Amino acid sequence: MGSVPGESVKKDENSRRGNWGNQIEFVLTSVGYAVGLGNVWRFPYLCYRNGGGAFMLPYFIMLVFCGIPLFFLELSFGQFASLGCLGVWKISPMFKGVGYGMMVVSTYIGIYYNVVICIAFYYFFMSMTSLLPWTYCNNPWNTPDCSGVVGSGSQLNGSLANVTSSLVAGVSEAVNRSKRTSPSEEYWKHYVLNISDDIGNFGEVRLPILGCLAISWVVVFLCLIRGVKSSGKVVYFTATFPYVVLTILFIRGITLDGAINGIKYYLTPQWQKVLDAKVWGDAASQIFYSLGCAWGGLITMASYNKFHNNCFRDSIIISITNCATSVYAGFVIFSILGFMAHHLNVPVSEVADHGPGLAFVAYPEALTLLPISPLWSLLFFFMLILLGLGTQFCLLETLVTAVVDEIGTDWIIRNKTVVTLSVAIVGFLLGVPLTTRAGIYWLLLMDNYAASFSLVIISCIMCICVMYVYGHTNYFKDVEMMLGFPPPLFFKVCWRFISPLIISFILIFTVIQYKPITYNDYVYPGWSLGIGFCMALSSVICIPIYAIYKISRSPGATFRERLKYACRAHPKWGPALQEHRIGRYAPMASDDTLEARPLKEKEDVTIQGSNGSTNTHNSPNPSA
């Protein structure tokens, strides 16, 4: 399934590196990678903040002109060379620093993402009870300011009527109280995190969270123990079951009182906001970050495809699925928040939140109002765990593949599991500080700085390198050789002009919109922001450092000659397998080494039909 018509079906085309078991595994893995926690806890919030249904217009325009083209560019890049985010830079060795930058970004995200998953694990385990622990205010960790949405005398016996009546007495007090803190917020702050007063005040490690972090890393390692062979099987469950849970929660949500108000709040268009540059900036940023562009994961996942796989079709399917999931998740979130606002008799905006605040405070609190609330809580947190794991698999595989491809010896290929285990252990140890009492401050610092503007710069440089340094004509011919048809004109224009312009716009927007990070009322000290900027720069700085190193090591009498040599494609650039090295990648008659020859004006490398048959150049012996 999924190969270009006429392609003979083999078990593993690339026996040394391995391939996906079938194309469904690749599509599901990529969907699991792109669809993450941000689809649930960031998009719905952005949507209601930026004009409801009107936000969909800039969102889908950015998807068409930036999201899908960049997604297709990264998939075709990795698939053509069958190499991870470091190896592909044989296309122009001077730019290999971009690959190192992608690795650094994936490392940062991989560290803190698994901490978020481990907190979801913790809440999942804590939901295995007859009464959710964040339902009432009568716990040792609660403060006098605590005011629950469920009256302290009521028992959740499955009847909404009882819950509603128990609210009547307490609602007016809850609304009139100047600063109501909910039981779920106090449970999150004082019990789960036991949060300290400052980012520098680490305090003790929260052992339950540390235990859950160990579980998270063990699960990720076991799923990747045989690389894409094992993770490809796991995604049949991890990438599909969240949709089952979303649908169950959606049906439950829309049947509740007040749900329609929440959904109206989420979708009612405020068309005047379309003229606001911030709305377009948010739309572009959300598309860019949500699809996982410039993390290195897309290149890595595509590198395990068969050479003639139709990654053009895959990129469209995966991108649209990702965005449709975001919209669908909005209904799930806002139907329940509308129900909660209706019960509290407050506007939806007062209960709406985003990020960890939505996942671990607002939504769990709303769930306490439902009959058999532990069931809905279990489902919700199980969904968060699966959404997180799908992304985490790819982050870890990106790092492991980059290391294995770079070293490339038979021993390391045979012992890839050792590399996976080593990366998982290091990832766990680096995540330990995030399980301390100051951990949430560091987690949000990494989330805001480690993968913000640096991703935009990496993506922009990748576009410039492939389109202008390597040359768009060369790249279009490469794609045609691989797929059997050239990239559609729309994608050619986007790759060369529109997408780089939009990426530049996102970068400028990010800089203009910059505000120092805060967490609730806590303002981060200057030294911590300095660390944040260092994290952001650490990935980007790889690019100029490696470029200077490469130029200095290149032969040539003048700087210009050295620069030209460093930018030129490596002789081994091109399809990984001998049988696919045709046309300008065919071995020279005078030389045994494989060499990528630059395109000449009159050289024609068209592929007859779509079966990968060769043109007038001699094709290598199929048995080679």
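Each residue, glycine too, has its Cβ placed from N, Cα and C.
Annotated features in TrEMBL:
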- GLY32, ALA34, VAL35, ASN39, SER290, ASN322, LEU387: Na(+) binding site (BINDING)
- 607-624: compositional bias 'Polar residues' (COMPBIAS)
- CYS137-CYS146: disulfide bond (DISULFID)
- 600-624: region 'Disordered' (REGION)
- 26-44: transmembrane segment (TRANSMEM)
- 56-77: transmembrane segment (TRANSMEM)
- 98-125: transmembrane segment (TRANSMEM)
- 207-225: transmembrane segment (TRANSMEM)
- 234-254: transmembrane segment (TRANSMEM)
- 287-304: transmembrane segment (TRANSMEM)
- 316-341: transmembrane segment (TRANSMEM)
- 375-396: transmembrane segment (TRANSMEM)
- 417-443: transmembrane segment (TRANSMEM)
- 449-472: transmembrane segment (TRANSMEM)
- 493-514: transmembrane segment (TRANSMEM)
- 526-549: transmembrane segment (TRANSMEM)
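Features per TrEMBL, on structure.
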residue : record             : Cβ within 10 Å
GLY32   : Na(+) binding site : 28
ALA34   : Na(+) binding site : 27
VAL35   : Na(+) binding site : 28
ASN39   : Na(+) binding site : 24
CYS137  : disulfide bond     : 20
CYS146  : disulfide bond     : 20
SER290  : Na(+) binding site : 23
ASN322  : Na(+) binding site : 25
LEU387  : Na(+) binding site : 28
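The transmembrane segment (287-304) is not in contact with the transmembrane segment (526-549), judged by fewer than 3 CB-CB distances under 8 Å for residue pairs 6 or more apart in sequence. A straight line from the CA of LEU387 (Na(+) binding site) to the CA of CYS137 (disulfide bond) spans 31 Å. No contact links the transmembrane segment (26-44) to the transmembrane segment (449-472), because fewer than 3 Cβ pairs that are 6 or more residues apart lie under 8 A. The list of residues near the transmembrane segment (449-472) in space but at least 6 beyond its ends in sequence, with Cβ under 8 angstroms from a Cβ of it, reads 70, 73-74, 77, 91-92, 94-95, 98, 101-102, 105, 108-109, 112, 288-289, 293-295, 492, 495-496, 499-500, 503-504, 506-507, 510-511, 517, 532-533, 535-537, 539-540, 543, 567, 569, 599. Apart from the site residues GLY32, ALA34, VAL35, ASN39, SER290, ASN322, LEU387, the chain places the Cβ of VAL31, TYR33, GLY36, GLY38, GLY292, THR325, SER326, GLY390, THR391 no farther than 8 Å from the centroid of the site's Cβ atoms, the recorded Na(+) location. Separating the Cα atoms of ASN39 (Na(+) binding site) and CYS146 (disulfide bond) is a whole-number distance of 30 Å. Residues of the same chain lying 6 or more positions beyond the ends of the transmembrane segment (526-549) and with a Cβ under 8 Å from any Cβ of it are 94-98, 100-102, 104-105, 108, 199-200, 441, 445-446, 448-450, 452-454, 457-458, 461, 516-517, 566.
Distance from the CA of CYS137 (disulfide bond) to the CA of ALA34 (Na(+) binding site) is 38 Å. Among the binding-site residues listed here, namely GLY32, SER290, ASN322, SER290 has its C-alpha nearest to that of CYS146 (disulfide bond). Here the CA atom of VAL35 (Na(+) binding site) lies 35 Å from the CA atom of CYS137 (disulfide bond).
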